Each structure stands twice: as C-alpha cells, then as structure tokens.
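Trainee: One structure, as structure tokens, below. Some questions next.
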C-alpha cells in the first residue's frame, strides 16, 4: 500500500497484531432486604473473568433468595400468566415470557390478582428494579488496560504503558487526554462521561460501551512519539443477564439464589497503522507519475487535433508542412 504524505513516500503496515489485558479494581458493599449485607469485589462484579477484550461490570441487581423447585403462582407482570379460571391455564403449556410450566390451575397470587399455577423455581423471580443503582460506588472503580501492538512488517513493537522505574506510578495515576495521556488507568466515571451519558442513568439498567484504541505511527520519528489515541462510544442501553448460586440445606433440600445483574459491558477494539519511508515505493510512485504525465500529453493532443472547434488552427501551429 503506497500513499503520499507531506514528507515523502511511505511503505505502510495496516494489519498489525494486538494484545489486550484488562484489570478492574474496586470494592463495594450493598444492603438488600432478605439478603443482608453483601461485599462485592472484582470476582463478583466482573463477568466474565478478567483478561479478555470484553467484560461486564455489575452496577445494579435484583435478587431472589431461597428458590426451590415446586409449584407456585406466576407473576402478574407476565401477561400470559393472568387467568380467571382453570381453563385459562392449559396443563403442560409453558408461560410465554414467564417462569415455568402451567399445572392447569388458576390460583390467587394476592388479593387483587389471579394467575396460573406453574411448576418452576419458587417463589418466582422478583422483578422490582431498585430506584437507584445498588453499586453506585462502581463509578470510582478504575480499569487498567495494557495493550501491545506489533507491526511485523517493520519488526516494531510498542506497549501503551509508560516505561518508568517508579513502582507506584500505575497505582496513583489516572488517564487524562491532556494532562496524563500516557497513563492506561481509566476511571469508570470518566469513560461513561466521555460517551455523553451519565453514570447514574447508565448504571441503573445497564448499557454497552465500546473502547477504541487507535495507533497511527510514523516510524521515521522516535518510537516515543508512537502513542495510542483512546475514544469511547455508547453502543446500547438496557443490558442485563441472570446468574444463580446453588446450595443444599441441612435437610438436603436443593435451593438457589437468583441474581439478575444489570451493568456496563465494555468492548475493547484496537486498530491502527504504521508507515516508514522506503525508496522502492518512492521510485514506483515517481515512475507512475511520469508515465501519467506522458499519457496526459497524448490525450490533450488528441482532443485539440480532432475534437476542438479550432482544430485546424492548432494543427497548423503544431505541424510544419514540407513541400
């Protein structure tokens, strides 16, 4: 790939190899009715485990404790579960967008609603979303992104971490595009704000953020000038999934605690290119330019000799007749 820049001709490598390592840090404590206090550390609120280009940060959740397999009324928030009589609950039919299989009975869910009895994990899932994110402290968590780029064509490799002998640098620095662009430690609050959204709004029901790392390096300059550029974009709102932990009580009865997790999904994308002056593409481009100029002269001559309205005048001036 050959292209012209201000300083001359370059040979480029637009297909480098990348590696990305992420580490998120922070601790939070939540207090939930019927579940008590719970401590959340990095093993709890990061899904999947760290080290991949995509991970999920929990910012809010709904918990349903001590579920056991059995029969119970379907939630009245599920339209297909609402009933007036047993005939509305055909036995064996699954509840559409619901929690279980209908048993054929219409039962009272509470004093105002009747729903189909279902075979499911009971009681059915709690669907009341907290008014505020339970892990609001997550906005002060920090994300460490270690990214290495390798332009194999030029045998050039570069890491986005600053080469320093200070062992406390990465524990105290925070990325700032103007004052500290070499620090790969990002505050979650700053990443969300960079997308144009507020952390409080996004943390309540979750969302998806793309993290772009762009390398654009001119290898004729010192390697220190080859630095990545970071940008952030909001991809989607309302992101969640469910997970459960299972256990047995002293009577060997099987139970589970269900968590519906809301949070922010981070997708890290790395791309870039590098260029370096080379005499071969310079010579090829120069030769092509000379050939193009020669072709342009021939085309102009043909237009003036045969297509122009004053072609006769041009022919007399161009050619000298010899008798």
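Cβ coordinates are placed from backbone N, Cα and C, and glycine is handled just like the others.
So TrEMBL lists the following for this protein:
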type	residues	note
BINDING	23, 24, 25, 142, 240, 241, 242, 260	ATP binding site
DISULFID	72-122	disulfide bond
DISULFID	83-106	disulfide bond
DISULFID	89-116	disulfide bond
CARBOHYD	140	N-linked glycosylation site
DISULFID	173-183	disulfide bond
DISULFID	217-226	disulfide bond
TRANSMEM	286-307	transmembrane segment
Trainee: Around the Cβ of residue 260 (ATP binding site), how many other Cβ atoms lie within 10 Å? Please give the count over every shown protein chain.
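Mentor: Summing over all protein chains shown, residue 260 (ATP binding site) has 18 other Cβ atoms within 10 Å.
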Trainee: When the Cα of residue 260 (ATP binding site) is compared with the Cα of each of the disulfide-bonded residues 83, 106, 116, 173, 217, which one is closest?
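Mentor: Given the candidates 83, 106, 116, 173, 217, the nearest one is 116.
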Trainee: When the number of other CB atoms within 10 A of each residue's CB is tallied over all shown chains, which of the disulfide-bonded residues 83, 122, 183, 226 has the maximum?
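Mentor: Answer returned by the neighbour count: 83.
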Trainee: Fill in the CA-CA distance, residue 122 (disulfide bond) to residue 116 (disulfide bond), as an integer in Å.
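Mentor: About 13 Å separates the two Cα atoms.
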Trainee: If we check Cα distances from residue 72 (disulfide bond), which of the binding-site residues 142, 240, 241, 242 wins as closest?
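Mentor: So, of the listed binding-site residues, the one sitting closest to residue 72 (disulfide bond) is 242.
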Trainee: Compare the C-alpha of residue 242 (ATP binding site) with the C-alpha of each of the disulfide-bonded residues 106, 173, 183, and give the closest one.
Mentor: 106
Trainee: Give me the Cα-Cα distance between residue 226 (disulfide bond) and residue 240 (ATP binding site), rounded to a whole Å.
Mentor: 38
Trainee: Show which residues of the chain containing residue 106 (disulfide bond), separated from it by at least 6 in sequence, have their CB under 8 Å from its CB.
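Mentor: Sequence-distant Cβ neighbours: 83, 84, 85, 86, 88, 89, 114, 115, 116, 117.
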Trainee: Measuring Cα to Cα, how far is residue 217 (disulfide bond) from residue 173 (disulfide bond) in Å?
Mentor: 25
Trainee: Write down the Cα-Cα distance for residue 183 (disulfide bond) and residue 240 (ATP binding site), rounded and given in Å.
Mentor: 30
Trainee: Taking only the Cα atoms, work out how far residue 140 (N-linked glycosylation site) lies from residue 173 (disulfide bond), in Å, as a whole number.
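Mentor: For residue 140 (N-linked glycosylation site) versus residue 173 (disulfide bond), the Cα atoms are 14 Å apart.
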